[in-house]
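S.K.: Questions regarding the structure given below will be posed in turn.
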């Protein structure tokens, strides 16, 4: 093997997963041809299809394949067929959560942008959406109020209470901050750290540690913003943001807000990574069982997930940009799938994959 041979565990999953993953394969084929990179790709069952074939949503063989890979390209899991199962045995909880835990995927990256030609889909005011935006939300995934102890309920009657605890350790903040600054170096070199340091002790520590880490990256500018102001600024002027660095709960909120203001949630990729840059890359949307098998699903989120994989886990920045530029070219040319075409002629899932692959080869 050369240093540009990569092993990818491909987990198409359920619903539209296999259809859109087939388009990601086409795009990776084009990247191999153009850049001289080689991807060794093996597909494995995960989610509902794994329950049907192996009796559990994350078979040992699938987990082993992920352990032996440089990265995981994930489709989507779930559907009505498996909703009768106990929650922890359903495709989503039984596959994705164990993968995140097993590989210690503490960082979630969610890009959000308005592509040229799709401004009208944004719910933002026309003059704001016309300016466009290109944001990455860097969210800490394994700490904070979702996992802090103690948590629970106690008492009864008027004195019954429930409680959760926001806990962050210095090392957790340091490692997520470094990923935000490294990401900014590949972009416009701006990090905005989101906190509530006027109220929360955890946010005071967050701000202190992020400011310390910023000194390691003198070429990247750092600003701080309170979460309540950030939610407003995203509506008022999203173009001001480049990389938004967030705790678990704040990132949960802001990544969904960023997705919604694009107006095209079906095109957004997502990455979850650990400290060694091993990552799981997937569309931010679901398995869409209602349109599965109809060759009408939008494959762009899956294709852009492959671009994130190239950038963050494999270090192939030029190849990642080629994919993103090809997607932008296709959309700007009005080559759209049914979810975006409206009354205009729509491309099928497979035709969209072909178009994007051809733009890569002809650029």
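Counting starts with 1 at the first residue shown.
The backbone N, Cα and C atoms fix where each Cβ goes, glycine too.
Per Swiss-Prot, NAD(+) binding site is recorded for 79-92, 286-298, and the stated evidence type is sequence analysis. The substrate binding site annotation in Swiss-Prot covers 100, 110, 139, 228. Summarising the annotation, Swiss-Prot assigns Mg(2+) binding site to 228, 252, 256. Residues or ranges marked as site 'Important for catalysis' by Swiss-Prot on the basis of sequence analysis: 146, 196.
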S.K.: Tell me which of the binding-site residues 79, 87, 91 sits in the most Cβ-dense spot, judged by other Cβ atoms within 10 Å.
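M.R.: Ranked by Cβ atoms within 10 Å, first place goes to 91.
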S.K.: For residue 296 (NAD(+) binding site), which residues in the same chain are close in space, meaning a Cβ under 8 Å from its Cβ, but six or more apart along the sequence?
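M.R.: Residues satisfying the criterion: 337, 338, 339, 346, 348, 349.
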S.K.: Between the Cα atoms of residue 83 (NAD(+) binding site) and residue 100 (substrate binding site), find the distance and write it as a whole number of Å.
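M.R.: With the alpha carbons as reference points, the distance is 21 Å.
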S.K.: Got a sec? Which of these binding-site residues, 288, 292, has the most Cβ atoms within 10 Å?
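M.R.: For the binding-site residues 288, 292, the Cβ with the most other Cβ atoms within 10 Å is 288.
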S.K.: Taking the centroid of the Cβ atoms of 228, 252, 256 as the Mg(2+) site, which other residues of that chain lie with their Cβ within 8 Å of it, listed in sequence order?
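M.R.: Once 228, 252, 256 are set aside, the remaining close residues are 227, 231, 249, 250, 251, 253, 254, 255, 257.
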S.K.: Tell me, which recorded positions from 79, 196, 252 are within 10 Å of residue 228 (substrate binding site) if we use the C-alpha atoms?
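M.R.: Near residue 228 (substrate binding site), where near means Cα within 10 Å, the recorded positions are 196.
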S.K.: Sort the recorded positions 79, 87, 146, 256, 288 by C-alpha distance from residue 110 (substrate binding site) and give me just the closest.
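M.R.: That would be 256, nearest by Cα distance.
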S.K.: Can you tell me the CA-to-CA distance separating residue 100 (substrate binding site) and residue 196 (site 'Important for catalysis'), as a whole number of Å?
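M.R.: The Cα atom of residue 100 (substrate binding site) is 27 Å away from the Cα atom of residue 196 (site 'Important for catalysis').
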